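**Student:** Please see the structure below; I have some questions.
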Amino acid sequence: MTKPYGSSLDDHLDAEVARDASLADTAATIRALAAAAIDVSETVGRGSLAGDLAAQGEHNSDGDVQKALDVIAHKRFMQALEEAPVAQVASEEAEDVVALKPDAPLAVAIDPLDGSSNIGVGMVVGTIFGIRPVTRDQGSDDPNASFLTPGTTQTAAGFVVYGPATTFVVTLGNGTRIFTLDRAAGVFRLTHDAMKIVPSANEYAINASNVRHWDGPVKSFIEDCLRGTEGPRDRDFNMRWTAALVADAQRVLIRGGVFLYPGDNRKGYAQGRLRLLYETAPIAFLIEQAGGAATDGQNRILERVAAKIHERSPLVFGSTEEVECVAKYYDGRQPSAGRSPLFGQRGLMRS
Ligand SMILES: O=P(O)(O)OC[C@H]1O[C@](O)(COP(=O)(O)O)[C@@H](O)[C@@H]1O
Ligand SMILES: [Mg+2]
Ligand SMILES: [Mg+2]
């Protein structure tokens, strides 16, 4: 249900804390992140007037070249988290976990700037975060321990889209909501309440330039979508790929469909490109809270446990029936993909 010009993000966080007092620290952390997001939004909105935001610097934890805006966003969000009840941060832009307040209760995983390849061409970018309790195992001195837990331990997750509008999408485990920045007031206002992803939709998102690197199930699933009414899916599909996970996730939340970033045969891509802690687990929490599903192709993302903080994971999410359909291609229950002789012999992508 859409409620234009609704209550503010602050009002919503107050209501969540009234519902469950144990969320007070989580809510305080979200307030700090939202304030930083407004600042980053202003920088993004100035585009080239803010300088060369795509200027290349060092390599980050994953081997990607950091751009100026990656570093600006990382610094601004770290500054915000220093003021919040946060003990540890795992950021895409920091090799190791950053220790903040030693006795604070929360650990935050963050992708300060998602969609980095869009910086410099004026396209949409964002921020993704997941909040968990700190793990203080007696006898364990592993600084990563708080992050090496299933995504089900997240107390909240969210993302920001810096697009034509700046939106703050958040869940504290009680539904997923979109707040849109009222720039004049400097306030995020509720625009999409308690979202419900439609169970089925005729739209998919995948970087199709990787087709030759995909494994059989992904190739077959996409090929059958491409066959449209002439294939076993028996309906036509549309395709979208924004190169920013946040923008694709917002579209799926609003009008459904399915997003795939599978593992593939490229060197280093066996687990795809997206990182479990600060990309796939937060998105999975938001999608499930909106009635959708999120898997690595077959298994629920929220049950995956990272072995290291920058671990990657394949990601399939969106409308439940579409995500389930992808799983069928993995376990051999797909809708007769090879049924038609024409299909088998002249498959668009079969080798
Ligand atoms: O360039 P590719 O392979 O299409 O990957 C695009 C994906 O990579 C990402 O940009 C990864 O995020 P970062 O920009 O934070 O590294 C996603 O937002 C997006 O879905
Ligand atoms: Mg990212
Ligand atoms: Mg990033």
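Heads up, the Cβ atoms here are built off N, Cα and C, so glycines get one too.
What TrEMBL says about a protein is an automatic prediction, not a curated fact.
I grabbed these lines from TrEMBL:
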DOMAIN    28-192  domain 'Fructose-1-6-bisphosphatase class I N-terminal'
BINDING   E92, D111, L113  Mg(2+) 1 binding site
BINDING   D111, D114, E279  Mg(2+) 2 binding site
BINDING   D114, G115, S116, S117, N207  substrate binding site
DOMAIN    200-330  domain 'Fructose-1-6-bisphosphatase class 1 C-terminal'
**Student:** Compile a sequence-ordered list of residues in the same chain as D114 (Mg(2+) 2 binding site), six or more apart from it, whose Cβ lies below 8 A from its Cβ; state 'none' when nothing qualifies.
**Tutor:** V125, G126, T127, I128, F159, A244, L245, V246, E279
**Student:** Please compare the binding-site residues E92, D111 by how many other CB atoms fall within 10 Å of each one's CB, and tell me which has the fewest.
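**Tutor:** E92, out of the binding-site residues E92, D111, has the fewest neighbouring Cβ atoms within 10 Å.
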**Student:** Can you go through the binding-site residues D111, L113, G115, N207 and pick out those with a C-beta less than 6 angstroms from ligand 3?
**Tutor:** D111, L113
**Student:** Please count the residues of the domain 'Fructose-1-6-bisphosphatase class 1 C-terminal' (200-330) that DSSP assigns to helix (H, G, I), strand (E, B) and coil.
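**Tutor:** Result for the domain 'Fructose-1-6-bisphosphatase class 1 C-terminal' (200-330), in helix, strand, coil order: 60 helix, 19 strand, 52 coil.
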**Student:** Which residues, same chain and not among D114, G115, S116, S117, N207, have a CB within 8 angstroms of the centroid of the CB atoms at the recorded substrate site?
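**Tutor:** Apart from the listed residues, the neighbours are N118, V125, A243, A244, L245.
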**Student:** Using Cα coordinates, what distance in whole Å links E92 (Mg(2+) 1 binding site) and S116 (substrate binding site)?
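**Tutor:** E92 (Mg(2+) 1 binding site) to S116 (substrate binding site), Cα-Cα distance: 12 Å.
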**Student:** Given the recorded Mg(2+) 1 site (E92, D111, L113), which additional residues of the same chain have their Cβ within 8 Å of the Cβ centre, ordered by sequence?
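**Tutor:** Neighbours found: D70, A73, H74, S91, E93, I110, P112, D114, S116, T127, I128, Y278.
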